[in-house]
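Trainee: Pulled these from TrEMBL:
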BINDING   Lys3, Lys4, Glu5, Leu6, Arg7, Arg128, Leu129, Gly130, Arg131, Gly132, Lys133, Gly134, Tyr135, Tyr136  ATP binding site
BINDING   Glu54  substrate binding site
Amino acid sequence: MDKKELRRLIAQEKRSYSVAQKTEWSSSLFQKLEDHPLFLQAHTLLLYHSLPDEVLTHEFIKRWHPYKRIVLPLVKGDELEFRYYEGEDSLQIGAFGIEEPTGSLVENLHEIELSIIPGVAFDCSGNRLGRGKGYYDRALTKLQSYRIGVCFQLQLLPHIPVEATDLPMDEIWTEQGCVFSGTQCSQ
């Protein structure tokens, strides 16, 4: 199955679940992730301001903003730019209707210790299928941080098509906890 067809099937599957169910799954995922040693140690995190069909991050960002430096991406042309989250008032609607940060630009990407990355689907080798524009693929080459992909369990597949430019995640987490780490996958 090609990437376009996989994106369509996953989108269709996600639409069959209620907002309440996705909220519950998201909350469960982040409650577990908060105990991860790298999360506990990290001072600066890359997150994303979620779309309605993604693992929902809004409450997680608000909860941790007072304690950690939160970095959010925004689309600039064909690239992602990274800015500090400075509270809900520092968000504005940007490309694709996504709320994007207006905080100060992250000058040194090496400050980011942990990146929490969304995806349309992930597989048991740590591979990520994005929305098809390559924003995260290009951005991840510039980041030295540990990469944790987050998705709902229904988005974890045995195999997804990959290209040479696709960078795998170090771990993948769902509402069931860590389902991939290094070379181990528990579906």
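Quick reminder: no glycine exception, Cβ is built from N, Cα and C everywhere.
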Trainee: Look up Lys3 (ATP binding site) in the DSSP assignment and report helix, strand or coil.
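Mentor: DSSP assigns Lys3 (ATP binding site) to helix.
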Trainee: Just to verify: the residue among Arg131, Lys133 with the fewest other Cβ atoms within 10 Å, which of the binding-site residues is it?
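Mentor: Relative to the other binding-site residues in Arg131, Lys133, Lys133 has the fewest Cβ atoms within 10 Å.
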Trainee: Tell me the coarse DSSP state (helix, strand, coil) of Tyr135 (ATP binding site).
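Mentor: Tyr135 (ATP binding site) sits in a helix per DSSP.
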